[in-house]
């Protein structure tokens, strides 16, 4: 086969530039970079400084300029590398040393920054920029030490303050930012803490400290399952992260203990539930939200166990941890109602109703207000020494007993003060029985209505339809020794029946003919007023 000749185009050989030409070209790139830098177009400036370095990689000023540009772009780690390279190329390059120190300081390495500034001051003692930057490095060291001390004291607000001041000089220090975020979480400022941690994770998704803080925020917001996921991820990125390890362990233990307590409560094993909630409260004092729930849960158990004062204390502890915890207010208010501390109950229900204006909360508030109103009246049940659910027979027996106990004749030999006091009690016993022995008055009294309404006063001598109905009743008598003038029961009864609409004044005790027999006291109502012992003028 015959060979075929063909023309193949040849690539032109690259033109080799002389060293002088390369330097001129590099200078041109640098000048273009400077122009963009002045215009604050740092991305374009970076592009031309990089071209200058590629063209002439042994010029310290090019690295210095690119370092300055990277600093303006907040890319301090890259800027630090360029600054260090500039110093290696020219040991007396002061701008390079200043930028190196500035990068160290921005990244939070105040000691390394101080060494750079001190080196500049050795070469140029009057360098004002180095003097000021050295003071800034000292300030960062001081705030760092203060923060460490305050963190140990658990004064997290002060730590946040110190970190804010330090970050003014070290804005790119992730360590300071994370410490601040952790303290914000410990202060309950979870949204701020999460925002800070998220900013770090956007720049570095593998940052174990930021993952730990995200988990911590979720843990303290009682999202324990999600929190554990972040702690595990943090440990995957940083296996030696002790804080993440401890938080993960606490989260799992807290969840398990709380669930055990809840199960015991549902099973009706209140003593066990009380102990389990108490154990859970010792796991992590910093977990405010979960501990508030635990205190409230233990308060609920305490109320079931009739430990009402302890239940009130637990609910108060829950409210101190979380002032917005409505359930704790409701539980405490009910305990106050059960212990007849009505003013405190009203205060708690008012707080609840102001927060959540529901019909249920309105009803609870009105009930407490009614009980408070009732509590400020005479407690006729206490006067007679009976419970609010006492039967008619129990009320009658208690009345007889108290009437005998406080009757003036029994205290005739006592001092005038004692006599006056016993007379007062004697009258109160009569008032109490007047109300509690009458179904209509008792019903109105129990429901909180004023007895003065509709002519139903417990005192006073004006007849009412109710009082007229009792004239024909058989008298139930209580016998008491007396030395008063003699009047027969029949005479008094006849007088009352003949004059049912007149006011009758009684001043002396009734006494029957037989001196060994005692005076008569009826258990019925005359003209709307209980007269435990008949007296007549």
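The backbone N, Cα and C atoms fix where each Cβ goes, glycine too.
Residues or ranges marked as compositional bias 'Basic and acidic residues' in TrEMBL: 440-450.
Predicted-model confidence for the domain 'J' (379-449) is 86, expressed as mean pLDDT. Residues annotated as domain 'J' in TrEMBL: 379-449.
If you look up TrEMBL, you'll see 440-459 marked as region 'Disordered'.
TrEMBL lists 26-59 (among others) with the feature repeat 'TPR'.
The repeat 'TPR' annotation in TrEMBL covers 94-127 (among others). As a summary of secondary structure, the repeat 'TPR' (94-127) carries 27 helix, 0 strand, 7 coil according to DSSP.
Annotated repeat 'TPR' per TrEMBL: 208-241 (among others), in sequence order. If you look at the repeat 'TPR' (208-241), the same-chain residues 6 or more away from its ends with a CB under 8 A from one of its CBs are 174-175, 178, 181-182, 185-186, 188, 190, 193-194, 196-198, 200-201, 247-248, 250-252, 254-255, 286-290, 293.
For the repeat 'TPR' (254-287), the residues of the chain that approach it from at least six positions outside its boundaries are 186, 219-220, 222, 224-225, 293-295, 297-298, 300-302, 304-305, judged by C-beta separation under 8 angstroms. Annotation comment: TrEMBL describes 254-287 (among others) as repeat 'TPR'.
The feature repeat 'TPR' is assigned by TrEMBL to 292-325 (among others). Within its own chain, the repeat 'TPR' (292-325) has Cβ neighbours under 8 Å at 222, 258, 261-262, 265, 270-271, 273-274, 277-278, 280-281, 331-332, 334-336, 338-339, 355, counting only residues six or more beyond its boundaries.
Mapped onto DSSP classes, the repeat 'TPR' (326-359) shows 28 helix, 0 strand, 6 coil. Annotation comment: TrEMBL describes 326-359 (among others) as repeat 'TPR'.
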Practice task
Report, as numbers and ranges, every residue of the chain located at least six residues beyond the repeat 'TPR' (94-127) whose Cβ falls under 8 Å of a Cβ in that stretch; write 'none' if there are none.
Solution key: 60, 63-64, 67-68, 71, 76-77, 79-80, 83-84, 86-87, 133-134, 136-138, 140-141, 144, 166, 169-176
